[in-house]
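Colleague: Would you mind keeping the following structure in view while I ask a few things?
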Amino acid sequence: NPQLLFHKLPPQPKTMSSSTSETQNPQLRKDPIYNRWVIFSPARSKRPTDFKSKSPSNPNPNTTCPFCIGNEHQCAPEIFRVPPDDPNWKIRVIQNLYPALSRNLVDPVDVSSGSVLDGFGFHDVIIETPVHSVQLCDLSKEEIGEVFVAYTRRIQQLVNRHSIKYVQVFKNHGAAAGASMTHSHSQMIAMPVIPPTVSARLGSMKDFYDQTGKCSICEIQRAELLIDSSTYFFSLVPYAASFPFEVWIVPRYHSAHFHELDAEKAVDLGGLLKQMLRKISLQLNDPPFNFMIHTSPLHGDESELAYTHWFIQIVPQLIGTAGFELATGCYINPVFPEDAAKVLREVNVPESE
């Protein structure tokens, strides 16, 4: 793989080894991507190497599952399948039977004024495999790549609806992460507005670009935070991670829109995502998790392309969000990112899996 080039950033305070985490002082770090503070307080918890999920996902087979092959008639209407028109499908993209937004409403004409809109939008489900017992990390990198290509294909269809401003792709794995179905699937919601957290991210990235002339995501690479890398992507624990063992997968190349991902890069991304999910599962006792694709608005200003950069965020569900976080938007993370990255780097994933 090509050598990763790490930018020389200002020296940061040293964090603890896993053997001294209990005595390390707490620290506040500013998240440069979302412009918010994170509290690192290792004394509130155990050593990084001791973190395990208390409620592993452990999905169980269910022969009555509507997402299984042969039960297509139990689902909401299909949008497309891979391969097309094949009863032995590998991936299906369908409408969500219980959508958060309705595709049957009239497209909003102007969302710039007023504080109430009809709930127009699209809420789709991507069934990642026809087999109930197979999870995303069980698939080959080529098969995961096909899931990513299905995402991009659906987003490219939604680009034609000019009223759609933003598409959020996400996966909930395990009941504690919000999954109501155990069959491996992900979702996307297409909205006529740009969500506030996305606006905050774009604003922070623009400020960084205006001050430095550089993309803030391109500048986040640091050796002590790196977990792994592939030809086109690298994975790391972000410097101000909001959650313990949070992982980002980032394109090495500057790219604003996830849906411009091509098939070759999708397979490469599939391999690195598989590796990260396996490491997280082995180290943390197969925890419930969420992953989210953070991209750019569909019809943004051309100037946004210089400072916006998509990435994938993986969040293992190890601790709850409580009153302080809800009140302040400031998260408390009991594991320093450098320690989480070191632990995940050292997880040995068996080649035979």
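First residue shown is number 1, and so on along the chain.
Each residue, glycine too, has its Cβ placed from N, Cα and C.
Remember, TrEMBL labels are computer predictions, not curated facts.
Copying in the features that TrEMBL gives for the protein in this structure:
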REGION    1-28  region 'Disordered'
COMPBIAS  14-27  compositional bias 'Polar residues'
DOMAIN    22-195  domain 'Galactose-1-phosphate uridyl transferase N-terminal'
BINDING   Cys65, Cys68, His132, His183  Zn(2+) binding site
ACT_SITE  His185  active site, tele-UMP-histidine intermediate
Colleague: Across all protein chains in the structure, which of the binding-site residues Cys65, Cys68 has the highest Cβ count within 10 Å?
Modeller: Cys68
Colleague: Whole-number Å only: compute the distance from the Cα of Cys65 (Zn(2+) binding site) to the Cα of His185 (active site, tele-UMP-histidine intermediate).
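Modeller: Just about 12 Å between their Cα atoms.
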Colleague: If you average pLDDT over the domain 'Galactose-1-phosphate uridyl transferase N-terminal' (22-195), what do you get?
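Modeller: A mean pLDDT of 88 is what the predicted model shows over the domain 'Galactose-1-phosphate uridyl transferase N-terminal' (22-195).
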